[in-house]
Amino acid sequence: MNITSNSTPKDIPRQRWLRIIPPILITCIISYMDRVNIAFAMPGGMDADLGISATMAGLAGGIFFIGYLFLQVPGGKIAVHGSGKKFIGWSLVAWAVISVLTGLITNQYQLLALRFLLGVAEGGMLPVVLTMISNWFPDAERGRANAIVIMFVPIAGIITAPLSGWIITVLDWRWLFIIEGLLSLVVLVLWAYTIYD
């Protein structure tokens, strides 16, 4: 669906607020969790188990964003000319696989490779999401729709910190990545059955 600036809210299905915004918001929360969980895993035993120095920990955090740059522009093009639904669906699969594999690593070089790949897998998400919102919401509603979606940052922060701490305390840092990887698959099901381009 593509909403022109002349469209009025009456012309557009009202269910878009339930069928579009919640799945996008939840998917953004999952992407944020995958991005920052390393900050909880490091002091939670990952650094000791893998012999990761402070320098290597910084590199592992930064290399994500090098990968992230790779799909920024292609992600926007795919959203405009292709299917944002399929793009993010495959991204969720990639996030799940990479996160689970991170829970199975045995050295710091595997961590660097997987963090880079996670950055690549997440890089196109934001341009795709913004394009999908612009397709579904007219100018008069787009600001509110974007504001709701951007709430993923504080919401994810509220959820991620206690959840990560609890998982590491009860299980360990490896299970943090495995469980959050499996969460991506759960969200994939929600995405597949609710979202539309």
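Each residue's number is its place along the chain shown, starting with 1.
In case you wondered, yes, glycine gets a Cβ from its N, Cα and C as well.
No curator has checked TrEMBL annotations; they are predicted automatically.
Pulled from TrEMBL, these are the features on record:
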type	residues	note
DOMAIN	20-197	domain 'Major facilitator superfamily (MFS) profile'
TRANSMEM	20-38	transmembrane segment
TRANSMEM	50-71	transmembrane segment
TRANSMEM	87-106	transmembrane segment
TRANSMEM	112-133	transmembrane segment
TRANSMEM	145-169	transmembrane segment
TRANSMEM	175-196	transmembrane segment
If one takes Cβ-Cβ under 8 Å and requires six or more residues beyond its ends, the residues near the transmembrane segment (87-106) are 27, 30-31, 34, 37, 50, 75, 78-79, 114-115, 117-118, 121-122, 124-125, 128-129, 173-178, 180-182, 184-185, 187-188, 191-192, 195
Among 20-38, 112-133, 145-169, 175-196, the most Cβ pairs under 8 Å with the transmembrane segment (50-71) come from 112-133
Counting Cβ pairs closer than 8 Å to the transmembrane segment (175-196), the top stretch among 20-38, 112-133, 145-169 is 20-38
In the domain 'Major facilitator superfamily (MFS) profile' (20-197), averaged pLDDT is 90
